[in-house]
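Worksheet: the structure to be examined is printed underneath.
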Amino acid sequence: MGAVALITTAVVQNKPLPKNMKYGIVLDAGSSHTSVYIYEWPAEKENDTGVVQQIDACKVDGNGISSYAHDPPVAGLSLQKCMDKAREVIPEQQQRETPVYLGATAGMRLLRLNNATLADEVLSSVGSTLRSYPFEFQGARIITGQEEGAYGWITINYLLGNFLENSGWLGRLKQSATFGALDLGGASTQITFVSKKEIESQENSLHFRLYGKSYDVYTHSYLCYGKDQALRRQIAYTIPDANNSTILDPCFNSGYRRNTSTKDLYSSPCIAQQRISTAPSNIEIKGTGNYQLCKQKVEMIFNKTQCTYSQCSFNGIFQPNLEGEFGAFSAYYFVMDFLKLTNEKISLERVKEAVKTHCSRPWEEVLKEFPKIKEKYLSEYCFSGTYILSLLENGFGFNSENWKDISFLGKIKGSDAGWTLGYMLNLTNMIPAELPYSPPLSHGSYIGLMVFFSILLVFIILTCWLSLRKPKCLQKGII
Ligand SMILES: O=c1[nH]cnc2c1ncn2[C@@H]1O[C@H](COP(=O)(O)OP(=O)(O)O)[C@@H](O)[C@H]1O
Ligand SMILES: [Ca+2]
């Protein structure tokens, strides 16, 4: 009876509690568009790694918030549809304690360079929209390039489970068991990885202690080297003078035509050094679809001549030797996915061939094959593919050898690869410096052991009882 009571108590008392979920919202206000991400995690497992999951993502209609500089109040209004959706997704009783963060990236950094007052107005407009929702508004700000790189690195390694793998005694011995992060945006690009070598420039050096292990991380964010700004710079190199308003551009498929206003092209601070006063007000771009010529033009934006450190990537920026594996996400993934080049087994040479082939296809043929793809994206895949190859090879120093170390990542275990998750994990203190205490046994093993020992106890009691009865039996002369 005692043993049965023990088993029952063990099972009933230790039933896992019903899951109490928590939620968090992060808005990624990128240069090209804004996305709203909703995350969920069990409250009682807050400090475990790998428990936060993306449960919803909503793409805001229209362009990035920096494009509303001429009418800041509209920037806030543009977020309403996605925020209404967030209100539907998150249970009502949890909404008041759900934090909302907005982080703006390179588009807003550029707007701040052009006009800081307008940048503030846009931020206060999005802030007041977010405050009007029943969530816990935690601020709308422009994050630094360093933060963008660091949080992207944290996100992918958290989702890949690398921090937990490194936290045991065996993991602590391993040198570089994390993935480097390569993030390509529209206005900036970030490279972040663990380096064993000394990081010679302070501004590129980060130190983290996560789950009981220390990480020395190299990061750099290149403003104006996102693919949209790089395209502008590439076009600006060949702006003709006032007598001629046509550009023959090898980075667009042959037969493709696009009209651009010079005022719009020149509005970016990234073009500051390339402006010519005699430029016509409108230009017509005519594609010629030639990978080699496009590559030559693209490479003009990487200055490889000056370097005051022992080694540099380009533009005099220090970069230690590449180490370990890398996850490439955001536009790296969108472009390589379109070109069907995300398979790890494809060599650098084959990737080049594929981009070359795509560039040489007539625009009419491309358009016919992909009628549903947004024309802006479709027309730029030749340039984007060429730019990605140039940036990785000529800029960062990847080659045929270490190309296999790059994985192009869209989602990892259902969550988008990007800086937003890392940003939220950091701001909610969900990544502890030291390993959190976890009971040595899981709930299942605990119950199993309790049942086993209870049965063992019953068995021992029965055996003792039977052996104690023996002399009595003998006394009675039964045997
Ligand atoms: O489906 C797609 N195909 C190609 N490019 C895409 C697609 N979706 C987004 N992009 C590009 O990804 C980039 C995202 O950059 P983002 O808006 O995050 O800028 P930022 O990080 O520099 O602030 C932009 O260049 C955008 O055009
Ligand atoms: Ca981005």
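Positions of Cβ are set from backbone N, Cα and C atoms, glycine also.
Features as listed in TrEMBL:
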type	residues	note
ACT_SITE	E148	active site, proton acceptor
BINDING	G186, A187, S188, T189, Q190	ATP binding site
TRANSMEM	446-468	transmembrane segment
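Positions of TrEMBL features highlighted on the structure.
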residue : record                       : Cβ within 10 Å
E148    : active site, proton acceptor : 28
G186    : ATP binding site             : 22
A187    : ATP binding site             : 28
S188    : ATP binding site             : 25
T189    : ATP binding site             : 31
Q190    : ATP binding site             : 28
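For ligand 1, the nearby binding-site residues are G186, A187; that is, of G186, A187, T189, Q190, these have a C-beta under 6 Å from one of its atoms. For A187 (ATP binding site) paired with E148 (active site, proton acceptor), the C-alpha to C-alpha distance reads 13 Å. For the pair G186 (ATP binding site) and E148 (active site, proton acceptor), the Cα-Cα distance reads 14 Å.
Taking the C-alpha positions, the distance from Q190 (ATP binding site) to E148 (active site, proton acceptor) comes to 7 Å. Each of S31, T105, A106, D183, L184, G185, S221, Y222, L223, Y225, G226, K227, Q229 belongs to the same chain as G186, A187, S188, T189, Q190, is absent from that list, and has a C-beta within 8 angstroms of the C-beta centroid marking the ATP site.
Rounded to the nearest whole angstrom, the C-alpha distance between the residue listed as 'active site, proton acceptor' and S188 (ATP binding site) is 10. A strand conformation is recorded for Q190 (ATP binding site) in the three-state DSSP classification.
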